[in-house]
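Take a look at the structure set out below.
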């Protein structure tokens with residue numbers, strides 16, 4: 001199956017400093033949920049921006065299928081509190097959508113009827129669902145979520161990831177997530193990539209939870225994911241390898 005995005009030997013440096021990312025190989029296939037985890041400063045958000053073409057590469061390349069439709073929920077969205085903006089108007093940025101389409105997107109993400117509310121009056125959970133609704137308006141083949149549950153409480157986090165799984169089942173879109181919510185994310189993912197400037201290990205959540213590199217990075221929190229993980233997906237990526245790489249040809253036989 002042709003990957004939606006494939007990166008080979010990807011490295012990124014900022015201003016001539018030490019590389020933020022070093023020789024990273026990465027791919028995501030249609031319909032799979034892939035989560036990138038790692039400590040603060042490990043390059044997770046930089047990897048997402050590189051895959052989307054938003055930052056320059058020091059080396060390597062990124063290939064995307066032609067015409068790939070991407071829905072993006074960024075890590076931070078700054079809304080000027082002094083500038084009134086309704087949910088309806090927000091959904092039409094950057095491109096205009098009809099009333100019926102906007103209403104359907106809000107319904108799909110569990111926040112129907114919010115069109116007239118001010119963005120600044122929304123709760124954290126409502127705002128994340130509105131962001132997701134906007135990302136879904138373009139009927140994406142790939143949904144990219146960069147730390148989508150920041151500021152949510154634990155029930156809100158669980159509910160949001162349940163919604164993501166429902167959206168994936170309904171739309172068949174692939175999902176690429178960056179997250180620190182290890183306990184929840186592990187159970188919501190088909191494949192996990194553990195990043196710390198380079199790929200430390202990757203594979204199914206169960207395998208990554210037990211990997212020495214993962215446990216070295218996350219310590220007792222890693223033990224918790226291993227203990228609580230209950231995942232029954234039958235998926236091709238059941239391997240874990242230290243420094244596992246997909247190779248420069250963006251081909252990965254299974």
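The backbone N, Cα and C atoms fix where each Cβ goes, and this holds for glycine too.
According to Swiss-Prot, the protein has these features:
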- 38, 39, 40, 41, 42, 43, 44, 45: ATP binding site (BINDING)
- 234-245: compositional bias 'Basic and acidic residues' (COMPBIAS)
- 5-221: domain 'ABC transporter' (DOMAIN)
- 234-254: region 'Disordered' (REGION)
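For the binding-site residues 40, 42, 45, the ranking by surrounding Cβ atoms (within 10 Å, all protein chains) places 42 first. In sequence order, 44, 194, 195, 196, 200, 217 constitute the residues six or more apart from residue 38 (ATP binding site) in its chain with CB-CB distances below 8 Å. The Cβ of residue 43 (ATP binding site) lies under 8 Å from the Cβ of 12, 20, 21, 195, 196, 197, each on the same chain and at least six residues away in sequence. Highlighted in sequence order, 195, 196 have their Cβ within 8 Å of the centre of the Cβ atoms of 38, 39, 40, 41, 42, 43, 44, 45, the residues recorded for ATP, and are not part of that set. Under a cutoff of 8 A between CB atoms, and with a sequence separation of 6+ in the same chain, the neighbours of residue 39 (ATP binding site) are 196, 217, 218. Model confidence over the domain 'ABC transporter' (5-221) stands at 89, taken as the mean pLDDT rounded to a whole number. Every protein chain shown contributes to the tally, and the Cβ of residue 44 (ATP binding site) ends up with 26 other Cβ atoms within 10 Å. The DSSP secondary structure for residue 44 (ATP binding site) is helix.
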